[in-house]
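Undergrad: Take this structure first; my questions come after.
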Amino acid sequence: RYCAHVLFIRGNLQSAETEEVSLMNVTWKVKANDRPYHQLPEFKKKVFLCIKKSKYSGNAIKTYKYNFLTFLPLNLYEQFRRVANVYFLALLILQIIPEISTLPWYTTLIPLVIVLGITAIKDLVDDLARHRMDNEINNRKSEVLLNGRFQEAKWREIQVGDVVRLKKNDFIPADLLLLSSSNPNSLCYVETAELDGETNLKFRMGLRVTDERLQEDHQLADFNALIECEEPNNRLDKFTGMMLWDRERYPLELDNMLLRGCKIRNTDWCHGLVIFAGGDTKIMKNGGKTRFKRTKIDELMNYMVYTIFALLILVSAGLAIGHTYWYEAIGTKAWYLFDGKDQTPGYRGFLSFWGYIIVLNTMVPISLYVSVEVIRLGQSKFINWDLQMYFAEKDTPAKARTTTLNEELGQIQYIFSDKTGTLTQNIMQFKKCTIAGRNYGDPTTAEGVSLERGKLVDWSWNRYADKKFQFIDHSLVAHVRSKKDKDAMEFFKLLSLCHTVMVEHKDDDLVYQAASPDEGALVTAARNFGYVFLSRTQDTMTIREMDQEMTYEMLALLDFNSDRKRMSIILKFPDGRIRLYCKGADTVIYERLSPSSKHKETTQTALDVFANETLRTLCLCYKDISAEEFEAWSRRHKEAQVTMNDREAALDAVYEQIENNLMLIGATAIEDKLQDGVPETIAKLAKADIKIWVLTGDKKETAENIGYSCSLLTDDMEIHYGDDVNEKLTRRQASRRDDPQAYRRGKKKTAEPFFPGSNKNALIITGGWLNEILYEKKKKRRRLRRLRLKRRQPPSNPQDGQPMDDWEKEMRQIDFVDMACECEAVICCRVTPKQKANVVSLVKKYKKAVTLSIGDGANDVNMIKTADIGVGISGQEGMQAVMSSDYAFAQFRYLQRLLLVHGRWSYIRMCKFLRFFFFKNFAFTLVHFWYSFFNGYSSQITFEDWFITLYNLAYSSLPVLLVGLLDQDVNDRLSLKFPKLYIPGQQGTLFNYKNFFISLFHGIFVSLIIFFIPYGAFLQTMGQDGEAPSDYQSFAVVAASSLIFIVNLQISLDTSYWTFVNCFAVLGSIAIYFGVMFDIHSAGIHVIFPSVFTFTGVASNALRQPYLWLTIILTVGISLLPVICIQFLSKTIWPSVGDKVQRNRKKYEMELKEDDDKKKPAPFQRGRRSRRSAYAFSHAQGYADLIASGQSFRRRPRAHGGPQESIREIPRREAENI
């Protein structure tokens, strides 16, 4: 007794110390109905210099970037953060300086203004859309208590400390403390689809004191409590605080809170006090930091631009040095070069350097960036317009919410997916069952004759039936209706009684509110088979058994938890019998069956059959209890209920004493309905070498079951759980400590695989194990422990499995990522939103892989923002994930089309575009380089000014732009048929430094041909009319004409998918060139602008010479011939997968028509080890505590203001259900 007393005192001291520490850290105080209180100096924070503002956020949210005043400066600032734009601005400044200007200023200004303007317009359109969305949310209406009465106010006007009234189906505008509601005991049902994508209802409850004293408006107006609570944070599953009111303290927890983004359901009205508003709410805190996402190609392109800058400076410097020596050796001695300027050769070389910087700047054309933006915009529109990604049922098209990441969709290596609402519909359906050794659920007649195609059961005989419930086995219905099959009757009686479902009578219909969809499916099945759950009170349950209403006294409710994997109910029948009904996972039920229980083997076989069909199984059993046995157990149960030390363990031990010697009745099989096409999509993505990880807050059993259902897990995989993973990682860590030289810092060593052999492996790990493995212990717990010990803990002992330093912690993380990446599938369950984001970060950090996250709830937002690509599932009620995503669509199956078709095409198009763009500009610019050897390195340009200005804007832009928009190597159906076509994108083989240097050398080769063949042809040449056409201007026209023909014919050779538009672009570009050239070379325009247009009559004079046309043809032929030969040899001798598919395209298209036949179902395999008995009734405990407390049932109205009577004093038949 003394020891117990000491332990009790020590426990109280520890809890008091914890409370004291937590109160020491409380700085968030909210005063009800007192707005000035929150503006006190103690609640101010510094914003800028001496400017301060309240630390309490207003309720308006802001996701836009610009306003009317800041748009122009901010947008220009953002655009000039691009090195290329700064470079072109510097070029423009250089071109204004007369001494070094070699090109007119307008050759840079016009393209720069066009690029900045187009980008600014695009940014403005995007930001206006964000403004509209913000205004739509901020201008929603709610009722707020102001000046003693409720007034309608916009969400943006709500402040911390306000009292808000909400009605049924209202969205919650801020994080509120629930004060009172129309339901008994201030019970309030909320739908959390915005937060986690789940549509099953959760309940929240106000404090008893606020429920009793805050029902009327005047009471709420006089409410002046002070709330002290935790600072705003992103923990959706936790809230701690204290309410001080009338000198009394009341503890607050998450069950008392209504979170922003949730929706009020089945509650006529409720009142709440605003605790967190706007950006401080949990849903906004969970949004994570918005990261600026850039594609790998963007990063690579920037490095290549830096490389070109370096080349440009080196070439310009070399030519400038050449000019210095040339002028000193020749220029000073040539009288005809005297310009009257007294400049040294060195200074002239310096000016020549800047002149060549201007002349050769087109190696990095400004039009590259605007062309990339146009291509990305077009590809985004193709995604938006794709009818095969349109979900007609909810009128939801696919939506590319960003235009900058399309080509990254073609390089995805890892997909991180949420489960609930993403892979599944979160809809459970009762599909099959086994009763007393006989299986039901296949198509049969009432007489039990099997059918090939089933006919749905007609439920018209049952006025309580749920019309949406579908079943095709008529024999089971006949057995139940005949009342001769006692086992079947007991089976459905158990389903109608053993649960924690709440019922609401609405318009002569029954509406069930279950803690999970599983429970609702089972109770609905019993309802349709004639065993209808009608109502419950604190200690009774009423059901209709066929045509007879029966009330059972509920003696005890033994609720489910994740350790027990079962739930039981003890009932007293009207005839006095006491019976225990139990349902749970077969692994725990079979251990507790009586030796005399029948049908164990046949039921086990049935469970294997159901598991083979990926159904979720559940065993049902019962036990008759004598009155004496129950009385003895009831006393132990009451003692366990009031114990202060580890109450849960004490209750579990008492439950074990009664849940034994059970008699098996049968088993149910529920289908956790997947979204259409999920298994096929996962299989296709796996063939494309994309690894899929499922990150869910759901239970381990549920997540594993879904893994099998969607073919992520298969029976030939060996599954490793948290303890096994931890053991392997600890062994690796120990070996590293034993042999520190081999693993010393900075020295890499190829690690041995964690799973040697060729077997397939899968990893299933919980959030708790994840923290354990990655050493992510709770910081608060460590802080409290240090405060108690009054000193910092010494460094970890190397033998205790904890890291000695940050390097060892990092190595542990690398080991975990390596192990997970060796597995075919990874499922992380019971993980928080922060853990989801951390897992994605680890893979990005240590694997340098391109990642994609897909989810549908606010708990997925952090993960979506962390990944390289974020995808939101739209069309559900929860749209928070969509608002933070880069791409959105309605069904998971559209992901394969997004990646394997649009992503692959976008990547191929962008790579082909960039390769060709760099080539055509090297070929164009380097002609100046070769010309410099013949003009004394004097920065003289080869081409006409206007040709240089229009080359990238008009003469060569459209064909390559259309390739970037429309080209495809194979069509969409073949892209899906051959997922291996996706792999080159993951490996980055189509655009890298190798491709860049190939484009560079190709450009050098073509520029050599373009310069030297016309140069040789013009030497000592005489025209037909006796004139010499070998002047500089004629040479410029011939070289320019050759260049235009080469680049347009070269892009024709690289085009895989020809359309009328492509043909028009190629021919049109050549036509535009000649049309513009003849116009600007005409005498008429020269007369108007004599100093601007100086090539008068050159085109007509030069191009009438057949000799020069032969020169152009020779130049074009020699430039293109090697390319044609290389392409022919590569496709013939070293064909890629894409080349092979293209070659046999017609054959494969014929096969596709034949492949539309139905796939054969997988054969049944007996004795499988993968039976899923996932007893996944809820993510947490059910409504058992709520039912047992009686707080969900109506109270009798008070008589004459007297004290409230206990619900136990109300006759059972008068107790009204919610």
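Residue numbers in this text run from 1 along the chain shown.
Note that Cβ sites are derived from N, Cα and C of the backbone, with glycine treated the same way.
Heads up, TrEMBL stuff is auto-annotated, nobody curated it.
Annotations for this protein, taken from TrEMBL, read as follows:
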ACT_SITE  Asp418  active site, 4-aspartylphosphate intermediate
BINDING   Asp418, Lys419, Thr420, Glu519, Phe560, Lys583, Arg616, Thr696, Gly697, Asp698, Arg830, Lys836, Asn859, Asp860  ATP binding site
DOMAIN    31-109  domain 'P-type ATPase N-terminal'
DOMAIN    138-199  domain 'P-type ATPase A'
DOMAIN    882-1136  domain 'P-type ATPase C-terminal'
TRANSMEM  80-97  transmembrane segment
TRANSMEM  103-125  transmembrane segment
TRANSMEM  303-327  transmembrane segment
TRANSMEM  347-372  transmembrane segment
TRANSMEM  913-934  transmembrane segment
TRANSMEM  946-966  transmembrane segment
TRANSMEM  996-1020  transmembrane segment
TRANSMEM  1032-1049  transmembrane segment
TRANSMEM  1056-1074  transmembrane segment
TRANSMEM  1080-1100  transmembrane segment
TRANSMEM  1107-1129  transmembrane segment
Undergrad: Decide whether the stretches the transmembrane segment (1032-1049) and the transmembrane segment (913-934) have at least 3 CB pairs under 8 angstroms, with pairs required to be 6 or more apart in sequence.
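TA: When sequence-distant Cβ pairs are counted, the transmembrane segment (913-934) touches the transmembrane segment (1032-1049), since at least 3 lie under 8 Å.
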Undergrad: Limited to the domain 'P-type ATPase N-terminal' (31-109), I'd like the whole-number average of pLDDT.
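TA: PLDDT averaged over the stretch: 82.
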Undergrad: What stretch in 303-327, 946-966, 996-1020, 1080-1100 has the biggest tally of Cβ pairs under 8 Å against the transmembrane segment (1056-1074)?
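TA: Ranking 303-327, 946-966, 996-1020, 1080-1100 by Cβ pairs under 8 Å to the transmembrane segment (1056-1074) puts 946-966 first.
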Undergrad: Rounded to whole angstrom, what's the largest C-alpha distance between any two of Asp418, Lys419, Thr420, Glu519, Phe560, Lys583, Arg616, Thr696, Gly697, Asp698, Arg830, Lys836, Asn859, Asp860, listed as binding ATP?
TA: 33
Undergrad: Where's the emptiest Cβ shell within 10 Å among the binding-site residues Thr420, Asn859?
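TA: Comparing Cβ neighbours within 10 Å for the binding-site residues Thr420, Asn859, Thr420 has the fewest.
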Undergrad: Are there at least 3 C-beta pairs under 8 angstroms linking the transmembrane segment (303-327) and the transmembrane segment (913-934), leaving out pairs fewer than 6 apart in sequence?
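TA: Touching, yes - the transmembrane segment (913-934) and the transmembrane segment (303-327) meet the threshold of 3 or more Cβ pairs under 8 Å.
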Undergrad: So if I draw a 10 Å sphere around the Cβ of Phe560 (ATP binding site), how many other Cβ atoms end up inside it?
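TA: By my count, 25.
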Undergrad: Do any residues of this chain, six or more beyond the ends of the transmembrane segment (80-97), have a C-beta under 8 angstroms from a C-beta of it, and if so which?
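TA: The answer is 103-105, 107-109, 111-112, 115-116, 302, 305-306, 309, 354, 357-358, 361, 364, 366, 368-369.
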Undergrad: By DSSP assignment, list the helix, strand and coil residue numbers for the domain 'P-type ATPase A' (138-199), in that order.
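TA: So the domain 'P-type ATPase A' (138-199) is made up of 11 helix, 30 strand, 21 coil.
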Undergrad: Among the recorded positions listed here (Asp418, Gly697, Arg830), identify the one with the smallest other-Cβ count within 10 Å.
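TA: Counting other Cβ atoms within 10 Å of each of the recorded positions Asp418, Gly697, Arg830, the minimum falls on Arg830.
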Undergrad: 10 Å Cβ neighbour count around Arg616 (ATP binding site)?
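TA: The Cβ of Arg616 (ATP binding site) has 27 Cβ neighbours within 10 Å.
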Undergrad: Other than its close neighbours in sequence, what residues sit by the transmembrane segment (303-327), given a CB gap under 8 Å and a spacing of at least six beyond its ends?
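TA: Contacts with the transmembrane segment (303-327): 83-84, 87, 345-346, 348-350, 352-354, 356-357, 360-361, 363-364, 918, 929, 932, 936-939, 993, 996.
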Undergrad: On the DSSP side of things, how many residues of the domain 'P-type ATPase N-terminal' (31-109) fall into helix, strand and coil, could you say?
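TA: For the domain 'P-type ATPase N-terminal' (31-109), the helix, strand and coil counts are 34 helix, 10 strand, 35 coil.
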Undergrad: Distance check, please: Cα of Arg616 (ATP binding site) against Cα of the residue listed as 'active site, 4-aspartylphosphate intermediate', rounded to an integer number of angstrom.
TA: 19
